[in-house]
Amino acid sequence: MQEETVPGEEDEQDLNKSDLLAVDEGLERPASAASQTSIVVNERLQELVKLFKDRKDRAKERMVDPDESDDESPSASPAKKPGEAPPPPPPPEEKKDDEEKDLIKMKTSILYTVGLLILSFTDLIYVVWLFFVTLAWNWNVWLIPVRCTFPYQTPENIHWWLLMDYFCDGIYIVDIFVMQPRLQFVRGGDIVCDKEAMRDNYRQTERFKMDVISLFPLDLLYFFTGVKSLLRFPRLLKYNAFFEFNDRLEAVMSKAYIYRVIRTSAYLLYSLHCNACIFYWGSDYEGLGSTKWVYNGKGNSYIRCYYFAVKTLITIGGLPDPTTVFEIVFQMLNYFVGVFAFSIMIGQMRDVFGAATAGEAYYRHCVDSTVKYMSSYKIPREVQNRVKIWYDYTWKSQGMLDEQELLIQLPDKMRLDIAADVNYSIVSKVALFQGCDRQMIFDMLKRLKSVVYLPGDFVCKKGEIGREMYIIKAGEVQVVGGPDGMTVFVTLRAGSVFGEISLLAGGGGNRRTANVKAHGFANLFILDKKDLAEILVHYPESQKLLRKKAKDTGEVIPQRPETPKLFKAALEVGTGQTFAKLKEAYKGATLEVFISPVKPETHCTIFGCSRQKIGIEKQSWRFL
């Protein structure tokens with residue numbers, strides 16, 4: 001039977017269907033907007049990811065992975081009312097901030113690559129630039145007094161003087177506006193590389209103020225007074241570049257005391273230079289040749305005035321007596337300034353040479369103290385000579401007596417870097433440490449002590465308690481033994497290790513198993529047992545590996561098995577000795593070999609003789 005429907009109910013069902021469709025359509029519209037938002041965000045994120053990867057390849061620096069947000073794409077928002085508009089896509093602010101920071105890092109790296117940024121502590125290009133700035137400053141320092149006093153600046157050569165003046169001014173300008181604003185600096189422990197921050201930092205320093213004053217354009221007064229070199233006096237205020245150049249140059253030189261001696265000598269020469277200029281000015285003020293004391297105007301004016309300055313400041317004497325009040329006052333001031341200046345220069349020279357020879361003076365002091373000690377206790381002359389040889393060889397080979405004393409002031413990280421550069425290539429080749437933790441080797445490098453042994457010195461002796469292990473840095477050592485103790489079993493060279501059995505074996509009281517002595521001058525690394533134990537506590541896997549290698553290696557010179565007595569007897573017979581001598585030599589030792597009954601004529605297969613000849617009646621052989 002078919003169900004009958006009422007006309008009103010049919011209209012009501014149609015209305016409900018239309019409402020459901022309307023609701024469904026209302027549900028689809030927000031979902032579609034959310035999916036569009038997700039697509040836009042995903043496309044933007046993919047673009048950012050691509051930018052990050054390209055930047056990483058170009059800049060070649062390690063950055064944080066920007067792909068973390070790929071898996072976190074926004075999901076569709078729940079159903080909303082039909083009239084509500086879809087929300088706008090969320091702007092990735094954090095990603096933009098990270099992008100800007102990474103772009104700054106990339107630009108900084110590129111700028112430094114092309115040389116637009118200056119690392120003031122290590123950049124040699126900056127040191128070279130300071131050298132040119134220093135030359136420009138010295139042009140003004142040395143020649144401004146000369147041009148003010150001596151008649152060397154004439155209308156015929158004035159254009160050459162002005163050309164050099166403005167060329168030096170150009171160097172000043174480039175330094176102020178190009179080089180110094182790009183100089184990196186440290187703020188809060190961080191090296192600042194931002195261009196604007198570096199420029200602002202330079203403008204806030206006292207050096208910037210002095211640099212600007214040094215370029216004050218007093219040259220404009222040339223139009224009213226003529227070319228007066230005294231108006232260039234502000235150029236001398238750029239003295240900071242000179243002192244910075246000194247510091248940077250000494251930092252990169254291996255023998256900085258040479259430059260210090262040259263600089264101190266230049267100070268003395270410059271003081272004499274200024275005194276010569278002042279003397280010519282005083283002579284010109286009094287009148288050239290007016291008295292015996294002043295310059296008479298003959299010969300080279302600068303050389304003669306410089307000679308007068310040398311005799312005055314060094315107080316050599318032999319000068320004509322001043323006659324006027326001006327000459328007397330001038331000469332008195334010269335004497336006072338000369339005494340103080342010369343004494344200061346001598347003191348500086350002493351300090352420079354003292355600093356340059358401080359290490360050698362310490363070495364001489366140690367040698368003299370040791371020799372005095374040995375002489376007071378009447379140490380044998382042979383021992384004293386060996387001590388002197390050790391001092392001499394250690395100083396010539398290392399340039400110091402104790403490396404640890406030199407590096408103790410450095411932090412652990414720097415000591416490790418130096419030790420790794422100097423010793424890692426040797427220690428890493430040691431077969432015992434192959435497969436060990438790399439960091440364990442680095443920790444061990446800081447504990448190694450370098451010791452020099454003389455030819456014939458015993459590094460260790462058989463039976464001693466082993467407390468150190470040795471790594472050969474340079475030279476050779478020999479493992480010796482035998483009845484006379486001079487038989488060489490093996491020769492160990494650079495990179496070899498010995499003495500490790502006593503350190504790595506379990507328990508205590510482990511004794512040396514061989515004698516080891518230096519064949520020539522040998523430089524060895526010594527690692528104490530206590531230091532090695534402290535290191536291996538943090539590396540249990542390396543500890544197991546080292547102990548396993550020590551057990552597998554065994555003794556340096558294994559104990560030779562004793563020669564069998566029967567074989568000794570055969571050797572004795574082979575040399576023609578009689579059985580009577582054999583019996584006499586091996587009386588009390590027996591070796592019985594039972595054989596089956598044989599005829600009396602049966603021959604001994606060992607000695608090639610019959611029992612009848614030997615005279616033995618028993619069925620046993622009694623040789624030893």
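Numbers run from 1 along the shown chain.
Backbone N, Cα and C define each Cβ position, glycine as well.
Quick look at what TrEMBL annotates:
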COMPBIAS  1-13  compositional bias 'Acidic residues'
REGION    1-36  region 'Disordered'
REGION    58-99  region 'Disordered'
TRANSMEM  110-138  transmembrane segment
TRANSMEM  212-231  transmembrane segment
TRANSMEM  328-346  transmembrane segment
DOMAIN    432-536  domain 'Cyclic nucleotide-binding'
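Beyond the ends of the transmembrane segment (212-231), by six or more residues, the same chain brings 143-144, 147-148, 153, 158, 161-162, 169, 172-173, 176, 237-238 to within a C-beta distance below 8 angstroms of the stretch.
Over the domain 'Cyclic nucleotide-binding' (432-536) the predicted model carries a mean pLDDT of 84.
Secondary structure by DSSP for the domain 'Cyclic nucleotide-binding' (432-536): 23 helix, 41 strand, 41 coil.
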